[in-house]
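Engineer: Here it is, the structure in full.
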Amino acid sequence: MRNTVSTFQELKDRGEKITMLTAYDYSMAKLIDSSGINGILVGDSLGMVCLGYENTLSVTMEDMIHHTKAVVRGTSNALVVGDMPFMSYQTSIYDAVYNAGRFIKEAGAHAVKLEGGATVAEEIKAIVKAQIPVMGHIGLTPQSVNMFGGFKVQGKNEKVAKKLIEDAKILEEAGAFSIVLECIPEKLSKIISESISIPTIGIGAGKYCDGQILVYQDMLSMFSDFKPKFVKSFGNIGESIKDGVSQYIKEVKESKFPEEKHAFKIDDDVINKLY
């Protein structure tokens, strides 16, 4: 049975943790979905891990719709959330509702995610009014990387911490069904999670959130050159892939692959007529 926004709320209400991961294509979505995950975020992080951009700012709506379609086709259980990219909702409330609608109508997503606190409250209200579920996102919001001066922990001083608490309450009031808390101190995320009735989903926000999300390439160690402090390795897929590719190259070079069992047969009398 498909997880829904109601499932997320039910899990919080009974004290059961919510599990989420990112996915960007059909194959990985199918694997993650079959593992029993509650939700999949088609994150604009695809700009960095799939498209090779330095940050998420270059990702377009067309990129997001394309990848979200693929993920939806690979799932039957997880709630699929489409990440609204930079400048798809900041320009006007009309654009916010229109682009959120594209995720639902064209891509088949079940909800959308917006970054920001009080500044996007009106956009969230309008999207929810259009019957589209919205996941909020506060703390380190990657689309604001230039304002933050880099990817830095947020909420370490009293002023910013109080603003994050207030932002969470505003997002709940605006109609968000859950909120991602990214890169904020663990004790602050505990206060926020206890201050609102909707679920919090942490990424680098400690154990007190109602759920957790990670980028699957990070938690499966697909890239060895970058590993955020908050990521635990749950597998070493990157090394396995490199080992497999290296072995493939070796066997092709040495004519060990393909073997007879990998080849298709033809009768010798047919072959003889071809010479």
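Each residue's number is its place along the chain shown, starting with 1.
Any Cβ shown, glycine's included, is placed from N, Cα and C.
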Engineer: According to Swiss-Prot, ASP44, GLU115 bind Mg(2+); identify which of ASP13, ASP83, ASP95 is listed for that same site.
Structural biologist: ASP83
Engineer: Using the alpha carbons only, what distance in Å do you get between ASP83 (Mg(2+) binding site) and LYS113 (3-methyl-2-oxobutanoate binding site) once rounded?
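Structural biologist: The Cα atom of ASP83 (Mg(2+) binding site) is 5 Å away from the Cα atom of LYS113 (3-methyl-2-oxobutanoate binding site).
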Engineer: Between LYS113 (3-methyl-2-oxobutanoate binding site) and ASP44 (Mg(2+) binding site), what C-alpha distance do you get in Å?
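Structural biologist: Here the two Cα atoms are 10 Å apart.
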Engineer: Enumerate same-chain residues with a sequence separation of six or more from GLU182 (active site, proton acceptor) and a Cβ-Cβ distance below 8 A; give 'none' if the list is empty.
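Structural biologist: Sequence-distant Cβ neighbours: HIS137, ILE138, GLY139, LEU140, THR141, PRO142, GLN154, GLY202, ILE203, GLY204, ALA205.
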